[in-house]
């Protein structure tokens, strides 16, 4: 099987592991920078070119598309899809998951529990927005933020008003969310492949912080998840129509709450913590689904 990995940096852990896992199972792998792909959109002879050459047909494409290049990255992936390549996460699903507001709306519609959340663009009535989510303490986020950037814990009403007013000056979309104190700076990252949670870790924030992101200095350990948490993680990934997803869950007194569904979850922290060959599981999923029938069905 010929597999393309779409990534701006092939030296990253996740890309290297996926490449190794694919090669170990006898596949040919090429890492392509999606921003260097350019496309001929033609009803008679569509194609993708890369650094001066027309690309051959790939049986499957693994998107490792960063948030900053979502628009062009998903456009390139969509072109591969139109040419009959099987995508490990479809372009439309990635775009859906990257839209935090749309994601939360879809999860809520499916009855998946979330922290109480409000969203606004430059709200005129900051006080009412704070009341809407139950008052302080609360978390204020920029909708476009990633890896804990643009996330502030406001412990008092006055602090919340100050943060919201400051964000309002950025002319940005603001997300205001209840603070789950009982989570104590921890969350659970469930790695879903298909209809299975293949690994789970607990991420604990570093001292003095409440953001558990490993990129922000959080510490990971193996997590034992409940059947309810497993079911919610799988349901959240299905709601986003993602074959591979990192589902972040907070353990609240009222039950597990989904914080986020990540369409391009990093493998380093969770593989090194659990010792599970997640990259291999992803390749085996591709082997089961990147079939000749799929290629014919999609016109490749």
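Glycine is treated like the rest: Cβ placed from N, Cα and C.
Quick caveat, the model's predicted, so the values are computed rather than measured.
Taken from Swiss-Prot, the feature domain 'ATP-grasp' covers 104-287, and the record attributes it to sequence analysis. According to Swiss-Prot, the feature Mn(2+) 1 binding site maps to 248, 260. Residues or ranges marked as Mg(2+) 1 binding site in Swiss-Prot (evidence: sequence analysis): 248, 260. The annotation Mn(2+) 2 binding site is assigned in Swiss-Prot to 260, 262 on the grounds of sequence analysis.
Feature annotations (Swiss-Prot) mapped to structure.
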residue: 248; record: Mn(2+) 1 binding site; CB count, 10 Å: 21
residue: 260; record: Mn(2+) 1 binding site; CB count, 10 Å: 19
residue: 262; record: Mn(2+) 2 binding site; CB count, 10 Å: 21
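The CA atom of residue 262 (Mn(2+) 2 binding site) is located 8 Å away from the CA atom of residue 248 (Mn(2+) 1 binding site).
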